[in-house]
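Report on the structure given below.
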Amino acid sequence: MLSDLFSAASAFTMTAPWKDILCNVQLIQYVAPIAVDSALLEGVLMRTKDDPNASDVVNYAPFTLLPSAVPSSLLEQAYSVQQDFNLLVDEVSRNAEFLERTLASTVKVDDFTAQLFKIYKQVLKEGITQSVFLGINRSDYMFDYGAEGTPALKQIEINTIAASFGGLTSRTTAVHRHVLNVLGKSKEASKLLTNNPAKGIATGIAKAWELYGSDRAVVMFLVEEAQRNIFDQRCVENELWMRNIRVIRRRFKDVFEKASLDNDKRLHIDGEEIAVVYYREGYVPKNYNKQNWEARLLLERSRAVKCPDIATQLAGTKKVQQELSRPGTLEKLLPNKPEAVARLRATFTGLYSMEMDEEGDKIIAMAIADPDRFVLKPQREGGGNNLYGEELKQVLEKIKDSPERTSYILMDKIKPLPALNYLLRAHSPLKVSECVSELGIFGVYVRLGQDLVVNKHVGHLLRTKAVEHADGGVAAGVAVLDTPYVI
Ligand code: ADP
Ligand code: MG
Ligand code: MG
């Protein structure tokens, strides 16, 4: 069975640098527990599903036994376009006319986007008091092998709110380095890139805190009710404490019950003034009830630096992503920046809107005729929401004449080349899987009034999942943490 998989997959393993190791079952069984102990030692941790708010019993976050091959040219390309993406997100977030026009049909049919948009409009009407802006995003890519067989970097999406795993990924490289050393691959181990997005993210938050200009003020991490991924957040949090910046953690519920604005719209909670609100919450409908929406509005009206502010969250919607790919849009948003426009466009794959017009009708007919070529995406985050194949076809057939179709976008399916690896997950049997990887680059920017004072890339995240899962991230229990092995 195992040998079948290896011979059937021999084409895939051509790209895998660990062919000799992957086939050696005894060696794998020996090294897997060493890898797990190393993850625990390095702090690649998650709380358990059963007890998401206690650290009495924790386990390792899922990860690959071995690093995955990433072509160096594509990694470089992903890094070199990150500042362009930062700039683009910032421009979109400041362009009310663009946001309004782009989301006009979506907000009519998607309640969640509509609620966000309502808050956005309300804050605009009242006048924005915030003068320091902080963006922390993660642009995600896959390597598309298309027909020609040469890989191309293609963007999956950009996350402008609560982009996670910058903390745990900062600790994963050491685990893989150790594993390779134990396997006698010290030369390869030394090639693994250093990577510390936790530090870069914290540097951005620290800069925003400093520009806010009040020594006594704190940074508030807005966190979910169930906090399984707390260690990822603590990595960033502790970096701030090291810089003598105090951090508090609160939920929407706490904000609703105890937060207030003073005459200057400074935000206060439990006797503390808040300089920066860093959202690790608030990106999906289930994060909100009526009170939480009120809390969100209060935060958005305040002078505190929101990461992200509501406009920047809207700039990260799938609908905006699709609109950005339309010919001429980038040029309008980034005039006089043809090189940035070219770099950005090179990472786009086909994205299609399904407006209630003839063009939309044609797109839908095309997708129904060939569903395996596409991915159907609603305006949602966090993995597990997209539709593929037969299901995509059925949904499109059902909604094709209804305005509901405008709440989705359609995207070309990216076809990465699978490679073999072992996905280590607590309480799961050790078995080899055919996997594909998704590369994310973290970007950080800070704007003071009209001036972008920070615009950087701060590290990467590689996530890998078995090919049988079409969708879903690490938090969704599908993908696992990985480290790029540059080839
Ligand atoms: P979310 O905001 O929920 O993370 P994504 O756009 O990242 O939404 O989609 C979730 C997952 O679906 C991705 O991590 C990827 O595995 C898969 N996916 C998304 N878009 C594509 C695509 N165009 N081609 C292939 N797989 C895709
Ligand atoms: Mg997302
Ligand atoms: Mg995603």
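Heads up, the Cβ atoms here are built off N, Cα and C, so glycines get one too.
TrEMBL entries are annotated by machine, without manual review.
TrEMBL annotations:
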type: BINDING; residues: Arg138, 161-164, 227-229, Gln233, 280-283, Arg463, 474-475; note: substrate binding site
type: BINDING; residues: Glu157, Lys318, 377-386, Tyr388, 411-414, Glu438, Lys465, Asp471; note: ATP binding site
type: BINDING; residues: Glu157, Asn159, Glu381; note: Mg(2+) binding site
type: DOMAIN; residues: 217-315; note: domain 'Glutathione synthase substrate-binding'
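Structural mapping of features recorded in TrEMBL.
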residue : record                 : DSSP (3 states)
Arg138  : substrate binding site : strand
Glu157  : ATP binding site       : strand
Ser164  : substrate binding site : coil
Glu281  : substrate binding site : coil
Gly384  : ATP binding site       : coil
Lys413  : ATP binding site       : coil
Lys465  : ATP binding site       : strand
Val474  : substrate binding site : coil
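The Mg(2+) site is set by Glu157, Asn159, Glu381; from the centre of their CB atoms, other residues of the chain with a CB within 8 Å are Arg138, Asp140, Ile158, Thr160, Ile161, Ala163, Tyr283, Gly316, Lys318, Gly382. For the binding-site residues Pro378, Gly384, the greatest number of Cβ atoms within 10 Å around a candidate Cβ is found at Pro378. Among the binding-site residues Arg138, Asn159, Ala162, Ser164, Tyr283, not one has a Cα within 10 Å of the Cα of Lys413 (ATP binding site). The local packing around Glu281 (substrate binding site), expressed as other Cβ atoms within 10 Å of its Cβ over all shown chains, amounts to 21.
Ranking the binding-site residues Glu157, Asn159, Pro378, Tyr388 by Cα distance from Arg138 (substrate binding site) puts Asn159 first. When Cα-Cα distances from Ser164 (substrate binding site) are compared across the binding-site residues Glu157, Pro378, Glu381, Gly384, Lys465, the shortest belongs to Glu381. Within the same chain, the residues at least 6 positions away from Tyr283 (substrate binding site) whose Cβ sits under 8 Å from its Cβ are Ile161, Ala162, Gln313, Glu381, Gly382, listed in sequence order. Among the binding-site residues listed (Arg138, Glu157, Ser164, Gly384, Val474), Glu157 have a CB atom closer than 6 Å to some atom of ligand 3, in sequence order.
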